[in-house]
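Novice: Here it is, the structure in full.
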Amino acid sequence: MKLAILSRNSSLYSTRRLVEAARARGHTVRILDPLRCYMRIAADGFSMHYKGRPMTGVDMVIPRIGASITRYGTAVLRQFELMGARTPNPSDAILRSRDKLRAHQLLAAKGIDMPVTVFGDNPDDTVDLLSMLGPPPHVVKLNEGTQGRGVILTEKASASRGIVEALRGLYANFLMQEFIGEAKGADLRCFVVGDQVVASMQRQAPEGDFRSNLHAGGTAVAAKASRAEQQVAVRSAKALGLSVCGVDLIRSARGPLVLEVNSTPGLEGIEAACGVDVATRIIEHVEKLKKP
């Protein structure tokens, strides 16, 4: 199988591990910087060039598209899809996952539980918007923030109003959620490949913080996901159309709640914490996706 990995940095752990796993299973692999891919779109067909040469015959594309290049990266991936390449995470599915509001709407429509979420635009509606959410603490999230950036905890209603006013003044797109205190700064990352959770780890926020993301200073240990948690993770992936993703859950008094579905989850933290060869599981999965 001729496999392309869309990644801006060939030295990243996740990219290197996918290359190693694919080559170990006999596949031809090439790393492509999405920003060096350019395309021709016409009624007579689609074509792609990379650094001055045509890209043809690609069977499978594994996207490792960073948030900062989501639009261009997904356009490149879509072009490969239109040229007949397969992918575990289609371009439209990645776009669904990157828009937190859209993702929450789609998950809720499938009956998947999550922290109560509110969204509004007009400053005149702020007081009523907060009443729909309930009493503080509240969590304010930028709609397209990643790795724990752009997430704020407010402990008083006045602070929530102040943050809302400040973000609107910056024309920022954001949503607000209830704070789940019983989680105690911990969440569960379930790594979904296909229709199963292949590894899971508990991430704990550092002292004095509530964000458990590893990039925000959190720590991780292997953790067993319950049957219910695994089912929620797989359902969440399917709701967005992803077959390789990280689903972040928190354990609450009313059961597992979905925080986020990450379409480009890192491999380093989960492989180190769990001792699972996740990269090979991904390659085994994409082998099944290839057309016979």
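Positions of Cβ are set from backbone N, Cα and C atoms, glycine also.
So Swiss-Prot lists these for the protein:
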{"type": "DOMAIN", "residues": "104-287", "note": "domain 'ATP-grasp'"}
{"type": "BINDING", "residues": "LYS141, GLU178, PHE179, ASP187, ARG211, SER212, ASN213", "note": "ATP binding site"}
{"type": "BINDING", "residues": "ASP248, GLU260", "note": "Mn(2+) 1 binding site"}
{"type": "BINDING", "residues": "ASP248, GLU260", "note": "Mg(2+) 1 binding site"}
{"type": "BINDING", "residues": "GLU260, ASN262", "note": "Mn(2+) 2 binding site"}
{"type": "BINDING", "residues": "GLU260, ASN262", "note": "Mg(2+) 2 binding site"}
Novice: Around GLU260 (Mn(2+) 1 binding site), which residues of its chain at least 6 apart sit with Cβ under 8 Å of its Cβ?
Specialist: LYS100, ALA103, VAL247, ASP248
Novice: Average pLDDT across the domain 'ATP-grasp' (104-287)?
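Specialist: Average per-residue pLDDT within the domain 'ATP-grasp' (104-287): 90.
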Novice: Taking the Cβ of LYS141 (ATP binding site) as the centre, how many other Cβ atoms fall within a 10 Å radius?
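Specialist: I count 20 other Cβ atoms within 10 Å of it.
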Novice: Could you give the Cα-Cα distance between PHE179 (ATP binding site) and ASN262 (Mn(2+) 2 binding site), in whole Å?
Specialist: 20
Novice: Can you grab the distance from LYS141 (ATP binding site) over to ASN262 (Mn(2+) 2 binding site)? Cα atoms, rounded to a whole Å.
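Specialist: A Cα-Cα distance of 15 Å.
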Novice: Express the distance between the Cα positions of GLU178 (ATP binding site) and ASN262 (Mn(2+) 2 binding site) as a whole number of Å.
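Specialist: So the Cα of ASN262 (Mn(2+) 2 binding site) lies 20 Å away from that of GLU178 (ATP binding site).
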Novice: I need the CA-to-CA distance for ASN262 (Mn(2+) 2 binding site) versus ASP187 (ATP binding site), whole Å please.
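Specialist: That separation, Cα to Cα, works out to 14 Å.
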Novice: Of these binding-site residues, GLU178, ASP187, which scores lowest on Cβ atoms within 10 Å?
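Specialist: Output over binding-site residues GLU178, ASP187: least Cβ neighbours within 10 Å is GLU178.
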Novice: Tally every other Cβ atom lying within 10 Å of the Cβ atom of ASP248 (Mn(2+) 1 binding site).
Specialist: 21
Novice: Could you find out if DSSP has ASP248 (Mn(2+) 1 binding site) as helix, strand or coil?
Specialist: strand
